[in-house]
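Copied from Swiss-Prot, the annotated features are:
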- 92-121: coiled coil (COILED)
- 192-232: coiled coil (COILED)
- 837-915: coiled coil (COILED)
- 45-54: compositional bias 'Basic residues' (COMPBIAS)
- 786-806: compositional bias 'Acidic residues' (COMPBIAS)
- 991-1029: compositional bias 'Basic residues' (COMPBIAS)
- 274-355: domain 'RRM' (DOMAIN)
- 534-679: domain 'CID' (DOMAIN)
- Ala2: N-acetylalanine (MOD_RES)
- Ser67: phosphoserine (MOD_RES)
- Ser202: phosphoserine (MOD_RES)
- Ser236: phosphoserine (MOD_RES)
- Ser485: phosphoserine (MOD_RES)
- Thr719: phosphothreonine (MOD_RES)
- Lys760: N6-acetyllysine (MOD_RES)
- Ser788: phosphoserine (MOD_RES)
- Ser811: phosphoserine (MOD_RES)
- Thr931: phosphothreonine (MOD_RES)
- Ser946: phosphoserine (MOD_RES)
- Ser948: phosphoserine (MOD_RES)
- 1-111: region 'Disordered' (REGION)
- 141-274: region 'Disordered' (REGION)
- 778-841: region 'Disordered' (REGION)
- 855-1029: region 'Disordered' (REGION)
- 430-473: repeat 'SURP motif' (REPEAT)
Amino acid sequence: MADKTPGGSQKASSKTRSSDVHSSGSSDAHMDASGPSDSDMPSRTRPKSPRKHNYRNESARESLCDSPHQNLSRPLLENKLKAFSIGKMSTAKRTLSKKEQEELKKKEDEKAAAEIYEEFLAAFEGSDGNKVKTFVRGGVVNAAKEEHETDEKRGKIYKPSSRFADQKNPPNQSSNERPPSLLVIETKKPPLKKGEKEKKKSNLELFKEELKQIQEERDERHKTKGRLSRFEPPQSDSDGQRRSMDAPSRRNRSSGVLDDYAPGSHDVGDPSTTNLYLGNINPQMNEEMLCQEFGRFGPLASVKIMWPRTDEERARERNCGFVAFMNRRDAERALKNLNGKMIMSFEMKLGWGKAVPIPPHPIYIPPSMMEHTLPPPPSGLPFNAQPRERLKNPNAPMLPPPKNKEDFEKTLSQAIVKVVIPTERNLLALIHRMIEFVVREGPMFEAMIMNREINNPMFRFLFENQTPAHVYYRWKLYSILQGDSPTKWRTEDFRMFKNGSFWRPPPLNPYLHGMSEEQETEAFVEEPSKKGALKEEQRDKLEEILRGLTPRKNDIGDAMVFCLNNAEAAEEIVDCITESLSILKTPLPKKIARLYLVSDVLYNSSAKVANASYYRKFFETKLCQIFSDLNATYRTIQGHLQSENFKQRVMTCFRAWEDWAIYPEPFLIKLQNIFLGLVNIIEEKETEDVPDDLDGAPIEEELDGAPLEDVDGIPIDATPIDDLDGVPIKSLDDDLDGVPLDATEDSKKNEPIFKVAPSKWEAVDESELEAQAVTTSKWELFDQHEESEEEENQNQEEESEDEEDTQSSKSEEHHLYSNPIKEEMTESKFSKYSEMSEEKRAKLREIELKVMKFQDELESGKRPKKPGQSFQEQVEHYRDKLLQREKEKELERERERDKKDKEKLESRSKDKKEKDECTPTRKERKRRHSTSPSPSRSSSGRRVKSPSPKSERSERSERSHKESSRSRSSHKDSPRDVSKKAKRSPSGSRTPKRSRRSRSRSPKKSGKKSRSQSRSPHRSHKKSKKNKH
């Protein structure tokens, strides 16, 4: 048994090694080598000593690897193959191939090398095999036993193990036994044993201490970086660790997580957060646009848009992001004013996000706050001191330089040195570092740095005393030497030098206090003025695009996209393009390119882009001017071929517009005529206005149409005398007097005045048109009672006689009364009516222009919309109000005109009465003339005694005709005044009335009067025959 035990142990150990070779990295043998058991100790003691002391001998290592394994591997493989084989085995499978042998040998070499490496580590670490083997320090190769015991208690540093060390861990090893993933340094040095002297520190220990110091400095920097602001005290380690755990970077997130679930996208109820979450951002919006939109409310700490990275996020067609303000107050105002507002056609959805670290300096400062952080302009005084007057008003002119030293010292003592914190972080850190060493080392250090860094531009602030950086450096150094804290200082003005200027320290981070009320009002007042207009940079970009536009597809496409993206300012863009096309000196290719731009914008005006339809509306008002300017350019072209090419390109645009149906065909034909020079813009406007002023043909029909037929077709005695006068005289009376009669107005209202479709403007002039269409005069009504009495006395003979004589005398009457008097009256009435209608049309055009302007302002939002009314109802209400106002003015003018006419009539009637009283013998002369015997009337006794009323009427008509001819010859320019005087004569005779009828176009009455004397025998003969019967 004694012989078997060593051999058996040796055999078992060899089997263990051979199995380790085939087990791909098991660490059981490794554990046996480092920590042997009691049963194996006698058999393992012999090979361990030479392996430990002669590990550098290559031949010994090869013998150690090769000697026991090759002999044992073959019988083991054969036994395994025999145990699991079915049937006969081939001889080829019993022997390993050359490649397998090489791989097996390579594995054995790696295994042996790993064991030797572990034993090498164990020589310095200790014999405890359960712990991880790492480097601690160097030592002697053949160390004594006491030294090994001491090494076990020394501090340990984790070092990443080799790739073989991971394979030697057993599979059932717990995760707690694995080495930590962070660099941990034991700060306390383990105590030495009694009686052992302290050794001299090796290079490895010195390197370890240096690593400790670097790690401490790194931890300190992380603590400083984790603060919310440099003006707050440093936080504890637990706070910094919690912040680092709460705010993982976006880089560590999985790419599959949507942006909506990003850190900060949900309100956690933090009352101090200044971070706003934006949930609905236009994909075309970038960080710069967000800064300009949100920066109006205060300085911004950070702006971030979460750009889509996956197809799913791009399909949403909206982005999200975060905007962090420097203080809570500004963030609350931004949330209140921008939540739900439309920005670039997207409704802004805002909410609170998680707090983010606030940097010392904001990334965006509003222009209203920028002046507080900008340094003052150079003044020429030491340290760039500013006089008090110029500090209040930077635009004030510079004061003249002092003439003597006393004035200079006085100015300098009253000046103020304004300290501004530099915005460049590198320069600010260098200044702070310089101040730290100057305070510690003294002014000699500053002198040495100035001598050494005289050519370094970073240290220029030490030499240039008037720069803002030097002013800040000098103040900060003085403040630290006076006992101020680096984060808090006194803000009162003070004198640094005796009889020197006042120094004004910067405020304690003004960005953390928010914008003042004045700056808030300035930021909000600027917004309405820029509504619907381009910004300065956008206007400059548009002008630059138009200047460099060429007839290329890409250039025109880019310009069209710019126009559609800024469709809110469509009116300004259309004006700018129209102005660019009006310049005659512009080269023809640029003109064609700008016309193509107009065509592209009009084509895309029906696209689903916000406010794109405005271009069709605004271009419609400018296209006439555009093509008029193109016509001027076309006429200035000298070459025939070049002009034809230009013409063909323009006509191509017309054909395309006709296919697109952008505008109606009559409008396109009009534009084409303007371009070809067939129609001028001014003449086109005049021709458009004339038909509206005349309102068609009713005026001519009223003058020349129905009234003549009414007069010719009805017998004289069967119709009222008022109908015999016709339209012109009545219209003249109405033009003169302005007082229409109620009876005639009612009768005329039932007649159709217009024979074409009436326009909406005819409702305004309806009363005046009816008054002008009245065919009777108010003077006829005064004499109507007398005429009715005369007509009752007429007998049946006169009626039949008149009927027979009417047909025979038509031709004579037509020739007799087709005199220039009628034409003159017609022309005068027509001219006056056209003048009146022209004046009224001009007023109506002004009203319509006001209505159009009101509608444009209502649509663009400049005028508020009344609740409960649509746009059309509000426009109609405005038009009715203007028309009512104009009608009231017209009524006032009519009253004044009537008043003046009445005064003139009264004065003329008085004159006429005095004239009639002076001539009382006219009636007697008339009676004598009427009772004189005639050959025909002597045969009838009745006619001699009672003179005929018709003869009297004929005589009166002749006398009145002579008087009217005399008065007309004396007053040729005013025929209406003559007729008015004759009609308004208060004398007993009806001479004025007869004179008026003599000039009328009634052929029956005048014919009867002309025959009253010449055909008296014939008439008396007929009357006598009827009396006999």
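Please read every residue number as a count from 1 along the shown chain.
In case you wondered, yes, glycine gets a Cβ from its N, Cα and C as well.
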Go ahead and report the DSSP secondary structure tallies for the domain 'RRM' (274-355): helix first, then strand, then coil. 27 helix, 28 strand, 27 coil
Same-chain residues near the repeat 'SURP motif' (430-473), Cβ under 8 Å, at least 6 residues beyond its ends: 375, 378, 382-384, 417-422, 480-481, 486, 506
Cβ neighbour count within 10 Å of Ser202 (phosphoserine): 12
Which three-state DSSP class does Ser485 (phosphoserine) fall into? coil
Note the mean pLDDT of the coiled coil (92-121), expressed as a whole number. 83
Kindly report the helix/strand/coil residue split of the domain 'CID' (534-679) according to DSSP, in that order. 115 helix, 0 strand, 31 coil
